[in-house]
Amino acid sequence: MGPALRRWALPALALIWAAMATAGEQPAHLSSEVFFCQKDSPLYGLAQTLDDDLLFWYDFLGSSWRSRLPDFQPETQLSEPQIEARKKVCDNVLPYLTWFSNQSIFIQFPKARGIPHVELFTLRPLVLGQPNVLVCSARNIFPPVARIIWAFQGQQLTQGVSSTPVFPVQELDFQIFSYLEVTPQVGDVYSCNVKSLGGKFDSMAYWVPKDPIASKLLENVLCGLAVAVGGVFMIVGIVLLALSFRVRSSD
């Protein structure tokens, strides 16, 4: 591994290793809070996760916590003085870790994972002509720097786009989600392109409406199911009523 990769590996993973070392046996669920720093943007990252799901992250530009779920706040939050203290520790330790990794040939640090794994899917069941949200999930990101570019029919999109920061997950990995508001139609082609700021990787995934549920058909199916369930309950009621009359007549 070259010096550049070591500079990425050490700062991003030092605190994660410390958190995982205290886990002991594999728990049913793992709640973690990870703070990392690095030489490239984003310089700092702070996130709270449950297993591989991002719950909250700290917006360093806005100096505030943000939630992935609306109206849901973390039970415990680091205060701004605590966060500033961690930033100072990270800034002070980072040069020494970088120097140490460059000098030592006996320490094996994780290598950059390379090309991320990208998936595209809808947030809700697909119905043509109905508003939906297209989700781009990119995993296997290391170093934790990524930029997501959406495109429709080959043209870049900027409106209706929102993204999470790159956040840590299990197995010393990083992930990012991006969301795009869409109204799918036949023939649509969407793409999600994941890029690194340094051009170390470039991965793209495409999405087209496939096997959608027509809204009219869905209404008919639901109506038919409701009628069928109602008919079953009516038959059961008639049978129970007949049995009740038979028991009374025998008495």
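Cβ coordinates are placed from backbone N, Cα and C, and glycine is handled just like the others.
Unlike curated records, TrEMBL annotations are generated automatically.
As given in TrEMBL:
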type	residues	note
SIGNAL	1-24	signal peptide
DOMAIN	110-194	domain 'Ig-like'
TRANSMEM	225-245	transmembrane segment
The domain 'Ig-like' (110-194), counted residue by residue under DSSP: helix, strand, coil: 0 helix, 44 strand, 41 coil
Local confidence of the prediction over the domain 'Ig-like' (110-194), expressed as mean pLDDT: 88
